[in-house]
Amino acid sequence: MKKGWKFLIEYQSLIWIVVAWELVVFLQIMPERLFPSLSKVLVVAFELITTGMLLENLPITLFRVFAGFALAAVVGVPLGLLMSRSKLLNDLVQPIFSLGFPIPRVALYPILVFILGLGSASKITMIFLECLFPIVLNTYYGSTRVGKLYLWAAQNMGANRSQVFWRVLLPATMPSIFTGLKIALPMAFIIAILTEMIGATAGMGYLLTYMSASLMQEKVLACVVLITLVGYLLNLLIQKIQRKYVFWQ
Amino acid sequence: MDKRLQKIAAIEIVVLLAIWQALASLEWIPAYLSSPYVVGSEMWALIVSGELFTNAASSLYRSLVSFLLVMVLGIVLGIAAGFFKPVGIFFQPIVDVLNPVPKIALLPILMVWFGISDTTRILLIFLTAFFPCFIATKDGVHGVKQVFVWAAENMGASKFQILWKVILPASLPKIFDGLRVSLGLTFVMMFSSEMIGSSNGLGLGFMILLADMAGRTDLMFVSVFFIALLGFLFDRILLAVRARLLWWSENRG
């Protein structure tokens, strides 16, 4: 009983929002067409799952998210590590990242569509570009901050270059790499939805715009609920992986 | 970025433009990729006619109004949530649930409620940019050394004085970290909210959309370049303000 009460107190803000929402519906302050009750939204969301609409579109979006994210990780982590080791590479690449960091890179998307078409290729490229920045920058700063003492100690004990890299530098940089990945994955999902809303023939973003064309708010809200759920689960996934591989943090 | 890296950046940009121009002149790349010369002259024409500035002005109006809202509400609520524990507990579930939502998904809903108007766009930009600022501010307040607060209390400072003279300055470095992320997001969402939905009115995103429909890639490059320029400029302004306000802080970005 006491535990339940504590739970209520802790989550009271959400409960207030739900109550206020239902009150607006109940008192018909807004027309129901525009402001459907939450129970109705959940029913529609469930229908989207059972009728297979979700299963048609979600895998496509997830494929784009993970393809772009994986590419960015495969390119970004070694690049960041190499930048911290080689001065020449750092001099060449660092200006690009410093200049590109504050720029809204999604604005390039319409041009990418011209080059790569409306399919997955342009979206994966966009996700790749967007994820590359946090991954490279975090890896780079993380590995430049690895304590010199560790490296000296390893060298003293006769470790060769590759041993220093694999046994000392990489594990010591791991937490920063994960900071980058943790920023990048939600970003990948957001960019996937965004680019699919700009133009696509499949995917969660497409489903959303398709539903909004019907002007049925409960369908649109149901889509938003499902997208929120997926975003939340993706967040959970990367946290789980982090806890497994960077357990000492 | 120090002077040397700035020089390298300048050289790299010039080399890239030269390669682009060369490829375009030799017609080794398709015509829709335009060329720096065509883009440059198109940009000049738009600047002379003033069209670029009217579009940029209405885009900037949207993103800056939202950013102002984010600054005021994000910092005030963030400090309240960080300093008063019940307020923090109250807001925590909302942040947990809403933060990972791609806010752009709310655009169709907001569009039905508020129409395809500046209200919709400003609200959407605000919702996206609010959370980084709020979370960073709250973290910043949590990071303030308790000793500072005790010292102020000892010397007879009131609650308001503690907040204004101790908590706010001490959490400013973190707040600026959050604001920088928020500022970047306002430009991303400014572009996205103008791109998605129907095209009417003014704005750099509309310029891209209209150019896209007309197949005018040169015009698209002009708007993309301008959005990039604005994003870059305002980031620099924020960093300059930060350096001025936080001259005492070690890491000045």
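Cβ atoms are placed via backbone N, Cα and C, with glycine included.
Automatic, uncurated: that is what TrEMBL annotation is.
The domain 'ABC transmembrane type-1' annotation in TrEMBL covers A:58-238.
Residues 36-38 of the same chain, all 6+ positions outside the transmembrane segment (A:13-30), place their C-beta atoms under 8 angstroms from a C-beta of that stretch. The transmembrane segment annotation in TrEMBL covers A:13-30 (among others).
Packing against the transmembrane segment (A:61-84) from elsewhere in the chain are residues 90, 93-94, 120, 123-132, 135-140, 142-144, 169-170, 173, 177, 180-181, 184-185, 188-189, 191-193, 196, 203-205, 230, 234: each is 6 or more residues past its ends and has a CB under 8 Å from a CB in it. Taken from TrEMBL, the feature transmembrane segment applies to A:61-84 (among others).
Outside the transmembrane segment (A:96-118) by six or more residues, the chain places 125-126, 129-130, 133, 136-137, 191, 194-195, 198-201 with a CB less than 8 A from a CB of the stretch. Summarising the annotation, TrEMBL assigns transmembrane segment to A:96-118 (among others).
Feature annotation from TrEMBL assigns transmembrane segment to A:124-143 (among others).
Marked as transmembrane segment by TrEMBL: A:164-181 (among others).
The annotation transmembrane segment is assigned in TrEMBL to A:187-208 (among others).
According to TrEMBL, the feature transmembrane segment maps to A:220-238 (among others). Cβ atoms under 8 Å from those of the transmembrane segment (A:220-238) belong to residues 36, 41-42, 44-45, 47-49, 54, 58, 61-62, 65, 178, 181-182, 185-186, 189-190, 193, 204, 207-208, 211-212 of the same chain, restricted to positions at least 6 beyond its ends.
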